[in-house]
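TrEMBL annotations:
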- A:38-61: transmembrane segment (TRANSMEM)
- A:41-269: domain 'MacB-like periplasmic core' (DOMAIN)
- A:323-342: transmembrane segment (TRANSMEM)
- A:325-443: domain 'ABC3 transporter permease C-terminal' (DOMAIN)
- A:370-395: transmembrane segment (TRANSMEM)
- A:415-438: transmembrane segment (TRANSMEM)
- A:459-482: transmembrane segment (TRANSMEM)
- A:470-670: domain 'MacB-like periplasmic core' (DOMAIN)
- A:700-727: transmembrane segment (TRANSMEM)
- A:706-817: domain 'ABC3 transporter permease C-terminal' (DOMAIN)
- A:748-770: transmembrane segment (TRANSMEM)
- A:790-810: transmembrane segment (TRANSMEM)
Ligand SMILES: Nc1ncnc2c1ncn2[C@@H]1O[C@H](COP(=O)(O)OP(=O)(O)OP(=O)(O)O)[C@@H](O)[C@H]1O
Ligand SMILES: [Mg+2]
């Protein structure tokens, strides 16, 4: 025979043999699984649940990572951020997404790398709805329609289904719709040239816009998301008066070669020059830009980095970190179950290992066999989790306000790759140690029969059980503390009466306000720049007794404080009886009073504006009331009445009802509204729901922790249950002997409990400090919080001990009640 | 084929050496059927394990087929298991999750015997041991004697040159034991397979052609039978 042929023949035989071996091992694996059905179910089910949580988290991360990836060319797009203190929550300077509108032109003219620049509306939470009217149909509210200048589609290269990038926004009064919106308002067909009337606020007469384009909805989410881009013309020009400014977002597309570093250097120079040259026009001393540690900054942020790093927001990754930790722990708990049960079971497999070794099996072959068994189980677990995810995803999406998808994901290939990686990782984590232990059995001692005393395996198993219980106990402590804190927040005195109070999205219209006031059941109609759900902070520097103090200013109408139901501490609130109340009196909140004077009522302070001085008299002090999340302290604030009753852009028309039939009254208010503004639907929120919204993130977070901890605790217990079964089984002979020697059932149950009890107590001792640190850190995120109570710690300990003892006792009792003769005869 | 020289084995316990085997020197040739006998705790199993390379002697030299076993690496030893040595155990030690057929097949898979040849060898063995009808049963569905037959069939599958059996009939009734012993004798005489067995029964020992009497780790007597 030719050597080559021989070689291929033996190679063929070799592969055939491998396949046969693989088949046989697979069969053994399956038979073992069937033999130990319950443990296999616990193993696989637990792992499936652990994987589900982990994969959901992966999907979420993928979703967040996919922001602004719908076009490869977006790598040349930058968001411009300017540093200023306009509209910041703490009234201090920050690098912000909104820029003074002139920045756009500045960049267009002075920065050579830039190809196109566009100005576009920012996302306002409370005022994004536009009323859209087509013909004589009833108006509908459309959210996230944004006004932009003509360059928008030169920066963001969307795919045009109708119209074209170059012509779409060429003329003012045009609008480009996303396909999803176009379908909703027009259905199918050609929409170019159709006219829609867009009403931006109730008093707006409306603008007729011609549809000049329809673009495809991108597959991945966008930072600068919108449903339609309008060119009303407002963004075309900057204000003529140099002391006036508009704020908007600015995006720029740069050429391929542009270097980000260099771009930012150019921006900085151009910006500083610009500020210097315009300072005299604005009647501002250029040096004041640098007073009190302030400085000038204009920065281009690559679009890819924008979503993960937004001003005034904790980045999604930062927010997700606790969830990532929890998912990892959950997966670990299920892997630990796996490892523990596998090593406990390994005693049953010892003989097989011994025999195979004397038949001439290599150690690697045995490791391979056991890893294969583990891979089989993780594969089933993975399929299970994919099914679970399909089932759970809709619920998960509504519960946590996300739009995740699995099979329809744009990144499906990537996700499948990640799953493959996860599968390998889990298989190795769960399978390697048991495989290694098993394949290391010494055949001589195994075949002699004394293979049970693998002490190393037992120590590791105990460590893992302790670890599992640390996780569970920490979870129990964390959820009880979170529960207490949430209760505290829900029942916290907000400083105003939130029930029977609604906030209509509208400025103060004297006529309408009067009409609403006449409706029976309406007590007050007022407006304010600061109410929970929509607070607008304006910084102001006052001078009191020669000290300069920075305060937050809130402008309100006469009735606003009464309408809110705030608590007066000293002096009085505003009232019609006092003429000067619309001119130069103010009310302070407690925080502001603390900064100014112990007894401020009746005293005056000064405001110096350029070269004029105004005097204000303090007439009262009210309790601090909350208008933002509980993570922030209430700002020191002064309240002023303006003759207009608030500013027109306030968009808070608050109505206090003094009747139980609020639904009926709201209907009446709606009717009045429709009468006044037929083209603009009324939008309102109750302060109760505004409050819920403030607590929503917190609520979601706690719900998630609750869910995950319940799952993790149950998985740990399932694991303990299975483990104790094994231990009881392994000690059957010992138990039988002891019974014959006269041990009572109780003594035997105690015998088995003792081992686990020690473990659980050790776990408790370790988890106390861990939980203390974790929970303390979480509580510190709240400006208003409970003192860390001790009893959740005791509670967790008691619960964990009771549950562990119960679980083990069920098994131990069974072992103890069994007839000793059976056990001994069998051996 | 087997050459033992001054083999010693002891377990150190609290500084005291407990000797299990002392200065065992013997030669076992190809084609012999040797029975090791002696009181309980004498060191019979230990000696057999050393011969089977399951345990290492503390002192002494051991040559198997002319090769120094103490110098063998793991891979080489496994090769010997695959090609030369078959084990038969008192407790049978069949793999519970495998059928009779698969139990016999397993060593052939490790030895990388081709599919057709494998099938024919297993068919042969099943036929020879009258187990054809039972080939798809699991070990716990067989009687003790049948299990031991499968154990022997498994040991024979790889066509070893030597079979090591530690009290192969220890768990069996005398009729079954006789059957096994007849089988051993036949294997020894017709196939030329070297057999070393540990046994407590004088009767079983008579099936072989040589008896090593061991007491307190020392070979007291080395007699030929018949
Ligand atoms: N791991 C060990 N540690 C200490 N002593 C051991 C160990 N293994 C075996 N021995 C001792 O070695 C001696 C010989 O054991 P061996 O198993 O070889 O006896 P045996 O002759 O086969 O006895 P039996 O007929 O009862 O099977 C015994 O005294 C035993 O106590
Ligand atoms: Mg013995």
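Residue positions begin at 1 at the first shown residue.
Glycine is no exception: its Cβ is also placed from the backbone N, Cα and C atoms.
Only residues 6 or more beyond the boundaries of the transmembrane segment (A:790-810), in the same chain, are considered here, and those with a CB under 8 A from a CB of the stretch are 469, 472-473, 476-477, 480-481, 484, 717, 720-721, 724, 749, 752-753, 756-757, 760-761, 763-764, 767-768, 771-772.
Highlighted: of the candidate stretches A:370-395, A:459-482, A:700-727, A:700-727 has the greatest count of Cβ pairs under 8 Å to the transmembrane segment (A:323-342). Long-range Cβ contacts of the transmembrane segment (A:459-482) within its own chain (Cβ-Cβ under 8 Å, at least 6 residues beyond either end) map to 329, 332-333, 336-337, 339-340, 343-344, 433, 702, 705-706, 708-709, 712-713, 716-717, 719-720, 723, 756, 759-760, 762-764, 766-768, 770-771, 774-775, 778-779, 788-789, 792-793, 795-797, 799-800, 804.
Mean pLDDT across the domain 'MacB-like periplasmic core' (A:41-269) comes to 87 in this model.
The residues of the domain 'ABC3 transporter permease C-terminal' (A:706-817), classed with DSSP into helix (H, G, I), strand (E, B) and coil, number 97 helix, 0 strand, 15 coil.
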